[in-house]
Structures are given as C-alpha cells and as structure tokens.
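Asks: The structure that follows is given in the form of structure tokens.
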Amino acid sequence: MKILEQRIKKDGRVLGKDVLKVDSFLNHQVDPELMQAMGEEFATIFSDEKIDKIVTVESSGIAPAVFAGLALHVPVVFARKNKSLTLPENVWTADVYSFTKQTTNHIMIDHRFLSAAENILIIDDFLANGQAVEGLLKIANDANANVVGVGVVIEKTFQKGRQILDERGVRVESLARIKGFENDEVIFL
C-alpha cells in the first residue's frame, strides 16, 4: 500500500537493527484518515472471504481493526492484556511474548464474544516474530472459530513470523512489507 509506505518513510523511525517506531500515526498518535484507507484496503483484500468478526490484541491493533470492521460491516473484538474486574471468569486465553516490551502478556477474550463456527479475520499492527498472531490463533482454535486470514499493517519479512504462519497454512496479507533497515532507512520488498 503506497500511501502507508510513504508515511513510514516520512514519519517512521528506525531504532537499532530491527525496531521501527511508528508512534506518530499508528502506535501512540493515530491518523484516522490513514486508518480509514487501511481498513478499506483490508476489506478489498479479504472481500473473497465470509467474515463474521475481526479479532485483534489491545492496544495498537485496535485502530486498524476498527476501521477494517467499519469497512466490512462486522464487529471487532480485542484480546485484553490485563484482567479487569468486569471481565468474567469464562475467557479464552493465551500467553504472548512481546519482543518490543520484553514481557509475556496473558491475553484473554470473553467467551461471549468468540463462538464456534464464526469466521474470524485477525488484524494486527505488526508481524515480526508472530507471537501475537499465534496467541490469537490459539484462542480462535480453543473457541472452535475459523480463522480465514490475518491482515497485518506492517510486516518485517526478515523476522520469522510469516514463516511460522505459512507453515501453519494461514493466509497472511500485509499492507507494507519491510525487507530490512539500512542506514536508518526502511527498505521495502
């Protein structure tokens, strides 16, 4: 998606050899017009699938997931990273390691919001090592839901996430695919 690649080149910041900071439009401050364009792009890409619900992980996956849900006219559910007093005991769970934060999160989705035979589209902000998506796949599997695909805003192809999902036979569609970083510049595929 050219508009996203241009925005990454303009406002993304490379930190070290494998971290891209996009907090000015995706991970801290959100550009709603860009999110709308991405949501519409996901809707076009997955127009051949019957989708009942979109699933993501809080918090950076929420904005692109909501705009994809708006474009597809389906609800969005996000896995919580922390159990609140209002969350019931009946939840689907998975442990997800965060490469960026160097912590493991115990993500959860209320049983009421994910059911057997629902067709699920997973949307996430980044695909790097694939941990967040793996956690959501586990939750969907535990709920006997059908994952029709994974939509990723930014994929770091030099990390193993895509390979893991390909080996599992999961359809993955990315809006921007990064080959690597050179001299603090993003190199796209």
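Backbone N, Cα and C atoms are what each Cβ position is placed from, and that goes for glycine too.
As listed in Swiss-Prot for this protein:
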BINDING   Leu20, Asn27, Lys156  xanthine binding site
BINDING   Ala128, Asn129, Gly130, Gln131, Ala132  5-phospho-alpha-D-ribose 1-diphosphate binding site
Asks: Restricting to the chain of Leu20 (xanthine binding site) and a gap of 6 or more, list residues whose Cβ falls under 8 Å of its Cβ, or answer none.
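Replies: Set apart from Leu20 (xanthine binding site) by at least 6 residues yet with Cβ under 8 Å, we have Ile8, Gly12, Arg13, Val14, Phe126, Ile154, Lys156, Ile178, Phe181, Val186.
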Asks: Between Gln131 (5-phospho-alpha-D-ribose 1-diphosphate binding site) and Asn27 (xanthine binding site), how many Å separate their Cα atoms?
Replies: 18
Asks: I want the residues beyond Ala128, Asn129, Gly130, Gln131, Ala132 whose C-beta is within 8 angstroms of the mean position of the 5-phospho-alpha-D-ribose 1-diphosphate site's C-beta atoms, in chain order.
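Replies: Filtered neighbour residues, in order: Val96, Tyr97, Phe99, Phe126, Leu127, Val133, Glu134, Gln159, Gly161.
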Asks: Give me the Cα-Cα distance between Asn129 (5-phospho-alpha-D-ribose 1-diphosphate binding site) and Asn27 (xanthine binding site), rounded to a whole Å.
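Replies: It is 18 Å, counting Cα to Cα.
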Asks: Would you list, in sequence order, the residues of this chain other than Leu20, Asn27, Lys156 that have their CB within 8 A of the centroid of the site's CB atoms, where the site is the one recorded for xanthine?
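Replies: Near the xanthine site, beyond Leu20, Asn27, Lys156, sit Gly12, Val19, Lys21, Val22, Asp125, Phe126, Ala128, Ile154, Ile178.
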Asks: Would you say which of the binding-site residues Ala128, Ala132 has the most Cβ atoms within 10 Å of its own Cβ?
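Replies: Top count of Cβ atoms within 10 Å goes to Ala132.
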Asks: Please report the number of other Cβ atoms within 10 Å of the Cβ of Asn129 (5-phospho-alpha-D-ribose 1-diphosphate binding site).
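Replies: Here the count is 17.
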Asks: Taking 10 A as the limit, how many CB atoms besides its own sit near the CB of Gln131 (5-phospho-alpha-D-ribose 1-diphosphate binding site)?
Replies: 20
Asks: Using a 10 Å cut-off, grab the number of neighbouring Cβ atoms around the Cβ of Gly130 (5-phospho-alpha-D-ribose 1-diphosphate binding site), all chains included.
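Replies: Excluding its own Cβ, Gly130 (5-phospho-alpha-D-ribose 1-diphosphate binding site) sees 24 Cβ atoms within 10 Å.
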Asks: Near Asn27 (xanthine binding site), which residues of its chain come within a Cβ-Cβ distance under 8 Å, counting only those 6 or more away in sequence?
Replies: Lys21, Ser60, Asp125
Asks: Please find which two of Leu20, Asn27, Lys156 have the most distant C-alpha atoms, given that the record lists them as binding xanthine, and give only that distance in angstrom, rounded to a whole number.
Replies: 16
